[in-house]
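Everything on this sheet refers to the single structure shown next.
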Amino acid sequence: MAVDTLVVSGGTPLIGEIAVRGAKNLVPKAMVAAVLGDEPSVLSNVPRISDVEIVGNLLELHGVAVSTGATPDTLVLDPSSVEQAASPDIEVHAGSSRVPILLCGPLLHRLGRAFIPNLGGCRIGDRPINFHLDALRQFGAVVDKRPEGLYLSAPKGLTGARIHLPYPSVGTTEQVLLTGVRARGVTEVTNAAVEPEIIDLICVLQKMGAIISLDTDRTIRITGVDHLGGFIHEALPDRIETASWACAALATGGEVFVRNARQVDLMTFLNVFRRVGGEFQVTQEGIRFWHPGGKLQSLAIETDVHPGFMTDWQQPLVVALTQATGVSIVHETVYENRMGFTEALVRLGAQIQVYSECLGSTPCRFGRGRYLHSAVVAGPTSLRGAELQVPDLRGGFSYMIAALAAQGRSIVRGTGIFQRGYENFLTKLEQLGAQVEPVEKV
Ligand code: EPU
């Protein structure tokens, strides 16, 4: 049972070492890829987070044998007996994760039909699935949207398609990959997303026998094949969790060694971390992040698709920016509604104003709407403890950072959500010397 309320006594720098494992935004998708194979797959570096559990359950419902491998963080996925699951059993997982939408292609290939429960995930924008459905229809899928979920069929099988994404959506690019690899003929997707997790998924699929190429202009070309085998793969480390702990070190004036963190996936973040005044040291084993003392510097930044500054790094960084001298500007261009979390930071003493205008060098899709997607952060401000309700996964982590940086006591409610993306969250906090107490009721 996840702890849902934490009492945080702030004002102590986080100091110590924690380890990150496979990326939340790759592992469940590699598990879905296993469904496409004729043979078992082995995935290692799997974190114990709820998205993995949910996808594991869904796969089991569809006849995939999911078991622990040679080490506790290895999964063996045997798809040799894939079968249709009962809709009511699938519906139990409604609202729990966004990953089930990626089962469409693999289930259509294996069974000719699929039922996908309504999706969950953080409420950081509307998060429609129109790009996914448009792409699936282009492959030849018939989609029936009902209140309880999506019913899909492929009466004539799935055929390669030329798909242009209106925006480089991560999930839709993965949808096209997982569908195109076994569709008849060639699939071409232009304006594709090329996040490291997507490249890792391409590596997984290539190991299974897929033929996928990536052009310099972010066009992905897939030549469909009749059969795919299994894979043996170690998931890339979680670059979002790494950046979250790095920001926690900076905001609390501490020093955190993130074991297994990988520089190549974090280059954009590391540049920003250095510009703000944080220091880091890359070693074979991971990356050490610390606050070197003295002032932190303000900066202007925009979130973007890879290789830009990730939207998921934005919320933890904003907390660190409350401690920087001067005015920082943060323009969120990926999600229209990912600045709501700043309201609570203001209650802690931060000076943050949000605007609907694009306060970056490039106008984004949200500039003409009423979306409060730009923030101006003035600092440094001393933060003081308060009561906080976690709004979403990354926003929640940011509240934890703020509570740890603040003087006095904070009560953070809704922390059960951390299980979705941060393995052993509480243990890691304790390892870093945080004064955090789980409580039943406060
Ligand atoms: N979009 C559409 N229509 C679609 C799909 C996306 O309009 O059919 C829009 C979204 O509303 C959003 C933008 O396109 O404004 C980008 O969405 P994308 O599809 O790239 O995001 P996603 O696949 O749903 C994944 C991660 C997110 C991460 C984003 C961006 C997973 C499970 N989720 O979401 O991670 O923020 O890519 O990198 O991989 C998190 O880990 O906390 C998290 C939210």
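Glycine is no exception: its Cβ is also placed from the backbone N, Cα and C atoms.
Those TrEMBL annotations? Automatic predictions, nothing curated.
Of the listed candidates (Asp73, Asp126, Asp312), TrEMBL assigns Asp312 to the same UDP-N-acetyl-alpha-D-glucosamine site as Arg98, Val334. There are 17 other CB atoms within 10 A of the CB of Arg98 (UDP-N-acetyl-alpha-D-glucosamine binding site), with all protein chains counted. Largest Cα-to-Cα span within the UDP-N-acetyl-alpha-D-glucosamine-binding set Arg98, Asp312, Val334: 16 Å. The domain 'Enolpyruvate transferase' (9-429) scores a mean pLDDT of 96 in the predicted structure. A gap of 14 Å separates the Cα atoms of Val334 (UDP-N-acetyl-alpha-D-glucosamine binding site) and Cys122 (active site, proton donor). Least packed by the Cβ count within 10 Å, out of the recorded positions Cys122, Val334, is Cys122. Around the Cβ of Lys24 (phosphoenolpyruvate binding site), the number of neighbouring Cβ atoms within 10 Å comes to 25.
Comparing Cys122 (active site, proton donor) with Arg98 (UDP-N-acetyl-alpha-D-glucosamine binding site), their Cα atoms are 9 Å apart once rounded.
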